[in-house]
Amino acid sequence: MPSHSRSRDRYRGERDPSRRYREVYDDDDDDDFDYHPRERRRYRRDDYQHDIRSHESPNYNDDLNEYDAAAEDPAVPLRSHDVEGRRRERSRAGESPIASPSRRDRNRGGEEYRRHGTYGDGGSPTRAMRDRRHRSRDGQRARPRDMDREARRQRRRERARGAAAMKHKSSDSTNSGSHLLSADALAKLRSHYDEEDQRERSQEQEQPRLESKRQRKRPIVGDEPQALAPFPDETPRGQSKGRIVSGAYLEEGHPEMEVRHRGGGGPAMEARWRKEGNWDGTMEGSDAQPPFWKRKKWWIVIGVLVVVLAIVIPVAVVMSKKHGHDDDKSGSSSSVDNSDSPYISSLDGLSHDSIPESAQGSILDPWTWYDTRDFNLTFTNETVGGLPIMGLNSTWDDSTRPNDNVPPLNESFPYGSQPIRGVNLGGWLSIEPFIVPSLFENYSSKDRIIDEYTLCKKLGSSAASTIEKHYADFISEQDFIDMRDAGLDHVRIQFSYWAVTTYDDDPYVAKISWRYLLRAIEYCRKYGLRVNLDPHGIPGSQNGWNHSGREGVIGWLNGTDGQLNRQRSLDFHNQISQFFAQPRYKNVVTIYGLVNEPLMLSLPVEDVLNWTTDATKLVQKNGISAYVTVHDGFLNLSKWKQMLKDRPDRMFLDTHQYTIFNTGQIVLNHTDRVKLICNDWYNMIKEINTTSAGWGPTICGEWSQADTDCAQYLNNVGRGTRWEGTFAIGDSTVYCPTADTGPTCSCASANAPPADYSDGYKKFLQTYAEAQMSAFGTAQGWFYWTWHTESAAQWSYKTAWKNGYMPKKAYAPDFKCGDDIPSFGDLPEYY
């Protein structure tokens, strides 16, 4: 849980200690301002607080940093400050209809309508156009026949009328009255001609219908396959260059994309599917369905998919459950699992009906859990201190021990005469970016995802599933087996107040981590490991660092809600102390932490001490018999000789020691670094642990063998390193052993995989770690920070232990202070 100021000796050995203090706590440009990487633009970061001790957070106007993208993106129009120019442009647009965008769109739409109404996409005439052309040609062929027919008809009428007239006028015998046609005969003749005319007109009217029938019987496509002609490289002159489809067109009601039918497209504005089996060539029947053979094909495809899924899904479920069962037997690795399969095989054979309907879907419902391994799944809504016991077994065994050097759990641990040898579970239930960078590295720097608060807020509704998967995968039962096998005997478990409750608009995932904490304690019991409870984040944040949950202002005992959060933190301890005062935890939870690293360099010291006294009395009143720890607050340990003299009994002072956050210590070479531990730290810890010359029983709750600050996100997300001179913006000072003499220090070696470490470097790392074990062993003992990391090899006890630069057994180191410092071979000092 390191931060950029975690060592109590942070200011000792500085070239200018006062400058360094001002840099961090007064008006540090590193914290106040960031710079644009390309433009070197200076701006205040979001959520920046001018003074960590201030009660209010000023807001800044983002308009000062308004960014105009036109210079970089030609698609973004430049802003014009020429008002007259813009007025002239608008007037020209109004005078010329072609210059008007909307008019251009309408013209383009009309032109495209005429074009699409005549020609298809391939440049060939549409069906409607061909029909019109056929009818035109047929009409042209029929026109001469009609004219001849009408001429013959007219001549017959004239001959008939002339003959009748001659017969009436003639006096010849042949034309006498006895031979004249009667009126009836003339009427019959006239009727005959009329019937002939009617038949001809009927034939003319029938001709278009017959022609349409002949067209329906024509083949739609020929024997040879046809392809659409490609679009021309250049638009023909006079033809509009309209888009195929345009968002503006659609918004203004222009035609949709044409739905093509085989043989050519329908007219523009037409988007109807034709039923291919019985289309009669008309535009009616807009409700026609797709052809039967197409519907049948899709039904076949859907049926095949259903059958495949019916086979695949059960097989996948069975394999997933088998995988989870195998993990239970062998103990899965605690490395991050990239699969999304939950560990729920223990639900097999159980009925969801065993969970009361009122509790189904709640935090007490195992069917909502991502991981059910080693939980008691028998439902109970019983609580202690308002906290659920769901998942716990009703019996337990405290006869176990991790090794023969340690008494079993049901016997007292000899604190003071035998040192604690423990590890932390950092980054697990209280997330820290440098331990689990995979949760943070996929976001842009603009998102400002820098801690668990901003991460959960960004994840939104998926926060619970994402965070619980991390809980289930990051630490498993196998880790506790490995801790035992490494010779360790204590585990300091980090958790935060949102394991119990959340307040106001907290985005944290509430209450899920509680059951993982309880299961971890049961794993510790199983392998004889004693537990140190460590509340890492309390309401309001006790230090404003990312590992408290939220980076920024300290809101605990400080600011507008300082007293409110003081009470909330006491309420938190009231609940968890009642819970862990149960008899089942008496032998396994032997150290009880109050709050991790309150920043007493910024908080009123008396307020912190008064709260510490109140909290200790509260938890002891509730039945806690474990040792209660108070952190040194980063004050010089010598000051604690006079502090909390009238404290309650059974308390430990907790100090955290690192060399890499102090610029006077990070520059030490390998040998001098070991000397610092065995000379200065050894005597300092030994003295503070005594009641006569120091404070009393003291533990070192955090330390590591890291000799650089190179790990990703170690100094906060987006922050550089002291080792390479990138830690402070505007200050490129390099803090490493060869900074003045060369060669240049690089993080490449420190961040390399452990398999690439040289034998000399591994020897140094192990000696460096064992020297600290020796120094802290002069007091109550130590807890290494931390057990497991995703990639920071120098911060993972497990990685060091498995790769040969940590003692095989923590209780049997190869080096102790007082021994000759071994040679590290040709190990370069910049390594």
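The backbone N, Cα and C atoms fix where each Cβ goes, glycine too.
Database features, via Swiss-Prot:
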REGION    1-179  region 'Disordered'
COMPBIAS  1-24  compositional bias 'Basic and acidic residues'
COMPBIAS  44-56  compositional bias 'Basic and acidic residues'
COMPBIAS  79-93  compositional bias 'Basic and acidic residues'
COMPBIAS  102-115  compositional bias 'Basic and acidic residues'
COMPBIAS  137-151  compositional bias 'Basic and acidic residues'
REGION    192-241  region 'Disordered'
COMPBIAS  198-213  compositional bias 'Basic and acidic residues'
TRANSMEM  298-318  transmembrane segment
TOPO_DOM  319-831  topological domain 'Extracellular'
CARBOHYD  Asn376  N-linked glycosylation site
CARBOHYD  Asn381  N-linked glycosylation site
CARBOHYD  Asn393  N-linked glycosylation site
CARBOHYD  Asn410  N-linked glycosylation site
CARBOHYD  Asn442  N-linked glycosylation site
CARBOHYD  Asn546  N-linked glycosylation site
CARBOHYD  Asn558  N-linked glycosylation site
CARBOHYD  Asn610  N-linked glycosylation site
CARBOHYD  Asn636  N-linked glycosylation site
CARBOHYD  Asn669  N-linked glycosylation site
CARBOHYD  Asn689  N-linked glycosylation site
ACT_SITE  Glu702  active site, nucleophile
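A coil conformation is recorded for Asn636 (N-linked glycosylation site) in the three-state DSSP classification, outside any helix or strand.
In this structure, Asn546 (N-linked glycosylation site) is part of a helix by DSSP.
Under DSSP, Asn410 (N-linked glycosylation site) is assigned to coil, being neither helix nor strand in the three-state scheme. Under the three-state DSSP scheme, Asn689 (N-linked glycosylation site) falls in the coil class. Most other Cβ atoms within 10 A: among the glycosylation sites Asn376, Asn442, Asn610, Asn669, Asn689, that distinction falls to Asn689. When Cβ neighbours within 10 Å are tallied across all protein chains shown, the highest count among the glycosylation sites Asn381, Asn558 belongs to Asn558.
Across the fold, the C-alpha of Asn393 (N-linked glycosylation site) and the C-alpha of Asn376 (N-linked glycosylation site) stand 6 Å from each other. Taking the Cα of Asn636 (N-linked glycosylation site) as the reference point, the closest of the glycosylation sites Asn376, Asn558, Asn610, Asn689 is Asn689. For Asn558 (N-linked glycosylation site), the spatially nearest entry among the glycosylation sites Asn442, Asn669, Asn689 is Asn689, judged by CA separation. Taking all protein chains in view, 12 other C-beta atoms sit within 10 angstroms of the C-beta of Asn393 (N-linked glycosylation site). Using Cα positions, the member of the glycosylation sites Asn376, Asn381, Asn410, Asn610, Asn689 nearest to Asn546 (N-linked glycosylation site) is identified as Asn610.
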